[in-house]
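Down below is the structure, laid out as structure tokens.
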Amino acid sequence: LPICPSGAVNCQVSLRDLFDRAVILSHYIHNLSSEMFNEFDKRYAQGRGFMTKAINSCHTSSLSTPEDKEQAQQIHHEDLLNLVLRVLRSWNDPLYHLVTEVRGMQEAPDAILSRAIEIEEQNKRLLEGMEKIVGQVHPGVKENEIYSVWSGLPSLQMADEDTRLFAFYNLLHCLRRDSHKIDNYLKLLKCRIIYDSNC
């Protein structure tokens with residue numbers, strides 16, 4: 001659903017509507033990420049011991065994100081909103097390359113490719129929605145566009161199959177992790193900002 005009909009002038013969507021859409025979208029992205037990870041795991045990672053290697057090597061690890069709801073509760077909502085923006089921006093580049101590289105895989109499974117394309121598209125929509133939310137919650141605040149730079153493209157293009165598959169596995173593992181965090185942060189922010197923490 002487009003937030004404003006095309007050509008609409010001064011279209012104002014309520015903050016509650018924006019949050020509703022953002023929460024639905026982030027939940028959808030997390031579901032797709034989980035499905036894509038599970039599909040990849042089943043098809044390519046069996047018996048390769050990837051999980052034990054994939055600990056704490058996400059490109060967004062440099063952004064200190066709260067690990068659970070209790071930690072997130074301690075963070076001021078302005079900082080949490082900015083953190084969500086940073087994590088979403090940090091995924092623009094890797095998602096673009098993920099789609100390109102999956103397309104180039106031999107017998108690229110449609111179950112993985114179609115989800116990668118959809119996630120890239122929806123991540124952009126969620127980022128736009130979050131920028132609108134920040135604009136309403138803190139009008140006039142110029143948010144600096146800080147994000148974590150991803151440098152994993154060479155590993156997705158390695159000639160060695162094991163190394164390449166592990167790079168894909170790790171990226172999908174991180175995507176699932178981060179999409180889960182964003183989903184939780186947005187639910188928490190919606191509760192705080194829209195319902196004054198009465199939920």
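Including glycine, each Cβ sits where the backbone N, Cα and C put it.
The disulfide bond recorded by Swiss-Prot for CYS58 joins it to CYS174 [selected from CYS4, CYS11, CYS174]. If you take the C-beta of CYS199 (disulfide bond) and look for same-chain residues 6 or more apart in sequence within under 8 angstroms, you find CYS191. Long-range Cβ proximity for SER90 (phosphoserine), meaning a same-chain Cβ under 8 A and a gap of 6 or more residues, is found for HIS59, THR60, LEU63, TYR147, SER148, VAL149, TRP150, ASP178. Under the three-state DSSP scheme, ASN31 (N-linked glycosylation site) falls in the helix class. In this structure, the disulfide-bonded residues under consideration are CYS58, CYS174, CYS191, and the one with the smallest number of other Cβ atoms within 10 Å of its Cβ is CYS191. Under the DSSP three-state reduction, CYS191 (disulfide bond) is assigned to helix.
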